[in-house]
2 protein chains.
Amino acid sequence: MERTAPRIVMKFGGTSVADLERIRAVAKRIRAQVDAGCEVAVVVSAMAGVTNRLVGYCSELSPLHDPREYDAVVATGEQITSGLLAISLQALGIRSRSFQGWQVPILTDDAHGKARISSINGEGLIACMSEGQVPVIAGFQGVDRNGRIATLGRGGSDTSAVAIAAAVNADRCDIYTDVDGIYTTDPRIVAKARKLDKITYEEMLELASVGAKVLQTRSVELAMKERVRVQVLSSFSDDAPAPDGRLPGSLVVDEDEILEQELVTGIAYSRDEAKISMRRIPDRPGIAAAIFGPLADASINVDMIVQSTGEDGMTNMTFTTGKADLQRAIALVEAAREFTQYGELLTDDAVVKISVVGVGMRSHAGVASTMFRTLSDRGINVQVISTSEIKVSVLIAADYAELAIRALHTAYGLDAA
Amino acid sequence: MERTAPRIVMKFGGTSVADLERIRAVAKRIRAQVDAGCEVAVVVSAMAGVTNRLVGYCSELSPLHDPREYDAVVATGEQITSGLLAISLQALGIRSRSFQGWQVPILTDDAHGKARISSINGEGLIACMSEGQVPVIAGFQGVDRNGRIATLGRGGSDTSAVAIAAAVNADRCDIYTDVDGIYTTDPRIVAKARKLDKITYEEMLELASVGAKVLQTRSVELAMKERVRVQVLSSFSDDAPAPDGRLPGSLVVDEDEILEQELVTGIAYSRDEAKISMRRIPDRPGIAAAIFGPLADASINVDMIVQSTGEDGMTNMTFTTGKADLQRAIALVEAAREFTQYGELLTDDAVVKISVVGVGMRSHAGVASTMFRTLSDRGINVQVISTSEIKVSVLIAADYAELAIRALHTAYGLDAA
């Protein structure tokens, strides 16, 4: 059957549905899309605070609780919101019904508490929309092959929304949140930060992985894989699309959709870094394995790694982990000292990682050198460097974070006019 | 397969699982039964207060909310308790898992908000128990043939428990509540009220219908139909079965199980009565239909009815309704005056209905006359009388309620020694 109405998935996070008044406001926002002629499916999170309370119950009863029971308890948060929003829509004269994960169904693997969606049957949702109804789907959850409720882990409702958008072949997935889009950098640090109209999946992934927590990383990966166009926009502003059709939020899209690529799209930072340096290691094979094997076994994420060898045949190894993992990482490194025989162990958690991201740098040299020169001009010492195809990251002293971000924002021509 | 272990369904109401501490206490109570060698399935209500909060949300968003969405929202209360109790049991080393209504499945009709259970597949629960696990089932809910969550109406968890006991062929269904059993009458009125060891289904139904709200009426009807032995006992006392095997609570059972029938088992009362009297009605056919037809159409329950005809060919009609329905009933009676042509309409809501109940009165005369004489001796005027096979009810002035109940309790030999 030919479909003429645009089909949109709208996703609302916890702060957007924090109380009954906001749920009513969300219902009006949905009505505006319905009135504009769209077919709409909605994905909701739990009302802000509800999930934390339920998680607290489980932890208090048993620190090592069964994740399947945790999921049964915690999934109720989204179930409540889905029913309440359907009621609110009906009160506005919009036909609507709620769907729980098992009703769609949204099938997951059985990694309870951090499950991954394996498949979604979109037929029921499409039929519901075809009848002029708005399905309201409880986010963050599905059902495993044994019929047990499974949750997707924190922020999983973004992933639910993107997966549902793919399953119903939606034209767009709108993620309503408490910011009005994706910025060139954190506006709290750089007043001249600009909202981006468009950003590529790849850039969004790099930004998310270095601390710009607008979208759950997995949701962006899934959007990229399924080619779902994602808009990030605010549930608290009433911006409508501009007369030229430009949307109010930021679109995360395929590279092909962006005509003029900027060299650098955004600058992100992460304060959740800690540095470990091992000095004067006798250089011989197996050193890296002896250090990083135990860390991987302990599920400690290692990010930046630099190895440098001096003239004396001694090598230095520096790497970063998350701040929360620092003490465990130190213990593991010390435990391997008999093999690594390092001379000195230095640690530092007063560091920040700054990353410049942009798909344009694939075809343009000079991005990294601009970064180093800009920092050097301000007397900022670069401690570690790592690069990917579309990203350059440096580790610097935390005290210089704001200065560095502002200077780089200007240097790459990102400042708003 | 031969089953040797006794199989028990344990049901815990909202006050019994009101907070995490009580949920832990409930888990210990279940462990005691498991340690005693029983196979146990558990049915739980929502934590006290949770259901009211969720109902309030729905009503605030829309007074005429979709009952299917109401059900999706409200059913989360029991879902939370089922998961939390399973976690608590596991923390005590008891293998356990939660079951939602749709997971069992418990199939219902589609009268959402007050659905009736149509069938339960007990296989999964039996398999779970056979593996040495304790299934914890969310009470009060099931799933309709369209796969939508349906709730059973207030107090429905009692019905869930009895239905599950029937489905798994349990030896007993223990209903844990905030009283320690069923009494000969309200102990707040008669200090010498005795706890009953056993009571028949029929007596329990009569007592429930006249105000002794220990068990939901539907759960007793179902227990009678399915011949499920039901024990009512306290979740706050630690009474164990007596050395002679007598259980700590009150057993609701088939008449055959009670060897020595008392003439009168209990005395119940209901303050929720109002009386309407129409005096001097010209006696002719169709009067009763003209009065009670409109009341039935308006879903107003009429309880006791007395018609008396005087020598002058005029008749008097007296009946009772619930206090909440009195004003609506008066309006309907007045609307029919053109036909009934009554001379005078009198109403009185300062009345109480007292009922003596006992299956023994089937085979013994004199129960009613003892009642009338006892009341008459205290100068208490009987306004209306109604009887069933195992019950005699009288309507008297509300002021005399306590006096009448105490006098009758003594007269029928029910006082504790």
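Glycine too: its Cβ is placed from the backbone N, Cα and C atoms.
Keep in mind that TrEMBL annotations are predicted by a computer and have not been checked by a curator.
The ATP binding site annotation in TrEMBL covers B:LYS11, B:PHE12, B:GLY13, B:GLY14, B:THR177, B:ASP178, B:TYR183, B:ARG188, B:LYS213, B:VAL214. Taken from TrEMBL, the feature substrate binding site covers B:THR51, B:GLU78. The domain 'ACT' annotation in TrEMBL covers B:276-359.
Feature annotations (TrEMBL) mapped to structure.
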{"residue": "B:LYS11", "record": "ATP binding site", "Cβ contacts under 8 Å, 6 or more apart": "B:VAL42, B:VAL43, B:VAL44, B:SER45, B:GLY139, B:SER157, B:ASP158, B:SER160, B:ALA161, B:CYS173, B:ASP174, B:ILE175, B:TYR176"}
{"residue": "B:GLY13", "record": "ATP binding site", "Cβ contacts under 8 Å, 6 or more apart": "B:SER45, B:SER157, B:ILE175, B:TYR176, B:THR177, B:ASP178, B:SER235"}
{"residue": "B:THR51", "record": "substrate binding site", "Cβ contacts under 8 Å, 6 or more apart": "B:GLY14, B:SER45, B:VAL74, B:GLY77"}
{"residue": "B:GLU78", "record": "substrate binding site", "Cβ contacts under 8 Å, 6 or more apart": "B:VAL44, B:SER45, B:ALA46, B:ALA138, B:GLY139, B:PHE140, B:GLN141, B:SER157"}
{"residue": "B:TYR183", "record": "ATP binding site", "Cβ contacts under 8 Å, 6 or more apart": "B:ALA193, B:ARG194, B:LYS195, B:LEU196, B:GLY266"}
{"residue": "B:LYS213", "record": "ATP binding site", "Cβ contacts under 8 Å, 6 or more apart": "none"}
Binding residues B:LYS11, B:PHE12, B:GLY13, B:GLY14, B:THR177, B:ASP178, B:TYR183, B:ARG188, B:LYS213, B:VAL214 (ATP) - maximum C-alpha distance in whole Å:
25
Residue distribution over DSSP helix, strand and coil in the domain 'ACT' (B:276-359):
29 helix, 35 strand, 20 coil
Inside 10 Å of the Cβ of B:THR177 (ATP binding site), count up the other Cβ atoms and send me the figure.
21
Mean per-residue pLDDT computed across the domain 'ACT' (B:276-359):
90
